[in-house]
Ligand SMILES: NC(=O)C1=CN([C@@H]2O[C@H](COP(=O)(O)OP(=O)(O)OC[C@H]3O[C@@H](n4cnc5c(N)ncnc54)[C@H](OP(=O)(O)O)[C@@H]3O)[C@@H](O)[C@H]2O)[C@H](O)CC1
Ligand SMILES: [K+]
């Protein structure tokens, strides 16, 4: 699913209107219907709904939603901010709403702002993708008033006051704090970045039938990965495959006290479909690994408590995942340097391997091109320095990806993957329950297994992050987010592969 700019979305609107063809008013009606259906599927009967509308098409959406809800028996009230020039479709919906004998409350001054009763649902239709300057004056005052009311707010298209892309100059209190944001047809970049998640709430993308061919031809550096996208990348098992077909993954992980990281990465690698998995760890982990991951071969190095000494022959492995729980002892750093110096295929580099390399920039040239690095934000800041806001962070992510020619998976909600070609992929799966120790080790195992099976690094990075999050969603549905632990993730990976297979099969029948 592409992430388009506000200008591109407007072009998609116009193209759809011209080529479907459909009138802009009918397209607005279609958008409103999607929002109304979303609302009525969740509203308790007879919940009063108060729509705060602007004078543009976002406001037009709001007025159409209010009319549709009224038609379904909901008690609605409409408040229009100012009475400046209305867009044609907003004016048309004003007329239609009034034609029902329903009154419109015009807000000209702060004194016009109504107190919001606690049981009212507020629909925010003040501004959408047409916001072209930070909110101020009466608009800012109304946003502050609505936020202060602590009402449940559903934002149409965007929380009013939030720009589609760059909010680096925005002011937090001038943005609606919504519990849910109904993004029309495509997500906007700002809805996928952490800075304003407290304003966006849960994002829902509602299709409104924009012309897909037009969208497909639009260039964008940003994509939001979905089940359909991943199914297209997924390669189901062939009948005559054998374990050699699916590669040999090497997990280099673990040290005394952090052997669980090696177990999690190894088990995830097995569950993610590698034909063979070996795990290279310190001697103290031998019995642990042989017991918890008997399907994997355990290699020992010369270190009792952490990796050190001579490295094994590496040519037998189609992929190596290194870093989980290895610690940052000097001998371990030397061991890592040896591995980097003797392996040229793309690797997965995570956790302590990232921390070791962050302090050794002179070793960065040893990182094989197209490798997959998987920092969490703190590990990333050790590589890229601090950032002021999400826009700056994305720039740093892109810069590092291009500099190293690697795929950088910046874990978070939503996980963002910067690719060396300048593209950035945002993941659509996962939940807060996955913010638990060992979740990253599991992702490293998955990515290593996908590389070993011959997926390209770009595909492996996207598919692996999606599978990891999908397994997390299944685990959260089963255990609840609080009770979800990292070892659950590998157990639900199969659900992700089954979902991909089903989606692929359905599409292939077309
Ligand atoms: N394809 C789709 O996604 C569809 C989206 N729809 C809805 O349309 C809006 C976008 O509508 P638009 O009319 O372009 O703009 P807005 O409604 O977001 O904004 C209204 C006008 O407000 C003015 N403006 C901008 N910034 C401010 C500000 N800070 N303070 C005050 N006023 C502001 C601006 O006019 P100016 O003349 O003042 O510049 C805007 O034009 C989209 O979000 C969807 O909700 C369609 O309904 C269906 C298809
Ligand atoms: K809005």
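Yeah, the Cβs are placed from backbone N, Cα and C, and that goes for glycine too.
Annotated domain 'YjeF N-terminal' per TrEMBL: 9-216, in sequence order. For the domain 'YjeF N-terminal' (9-216), the predicted model reports an average pLDDT of 96.
According to its DSSP assignment, residue 60 ((6S)-NADPHX binding site) is helical. Shown in sequence order, 28, 53, 87, 89, 90, 92, 93 are the residues of the chain, 6+ apart in sequence, with a C-beta less than 8 angstroms from the C-beta of residue 60 ((6S)-NADPHX binding site). Under the heading (6S)-NADPHX binding site, TrEMBL lists 57-61, 128-134, 157, 261, 325, 376, 441.
Within the same chain, the residues at least 6 positions away from residue 58 (K(+) binding site) whose Cβ sits under 8 Å from its Cβ are 125, 126, 127, 128, 129, 130, 156, 157, 158, 160, listed in sequence order. Here TrEMBL flags 58, 124, 160 as K(+) binding site.
Summarising the annotation, TrEMBL assigns domain 'YjeF C-terminal' to 226-500.
For 411, 412, 413, 414, 415, 440, the entry in TrEMBL reads AMP binding site. Long-range Cβ neighbours of residue 414 (AMP binding site) (same chain, at least 6 residues apart, Cβ-Cβ under 8 Å): 192, 224, 426, 427, 428, 430.
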Other than 411, 412, 413, 414, 415, 440, which residues of the same chain sit close to AMP? List them in sequence order, counting a residue when its Cβ is within 8 Å of the Cβ centroid of the site.
376, 409, 410, 416, 427, 430
Sparsest-packed among the binding-site residues, when each Cβ's other Cβ atoms within 10 Å are tallied, from 376, 411:
376
Cα distance (Å, whole number) from residue 376 ((6S)-NADPHX binding site) to residue 415 (AMP binding site):
9
Give me the long-range Cβ neighbours of residue 57 ((6S)-NADPHX binding site): same chain, 6+ apart, Cβ under 8 Å, in sequence order.
24, 28, 87, 89, 90, 128, 130
Of the binding-site residues listed as 411, 412, 413, the one whose CA lies nearest the CA of residue 132 ((6S)-NADPHX binding site):
413
Take the C-alpha atoms of residue 440 (AMP binding site) and residue 376 ((6S)-NADPHX binding site) and report the distance between them in angstrom, rounded.
8
Determine, to the nearest whole angstrom, how far the Cα atom of residue 124 (K(+) binding site) is from the Cα atom of residue 412 (AMP binding site).
27
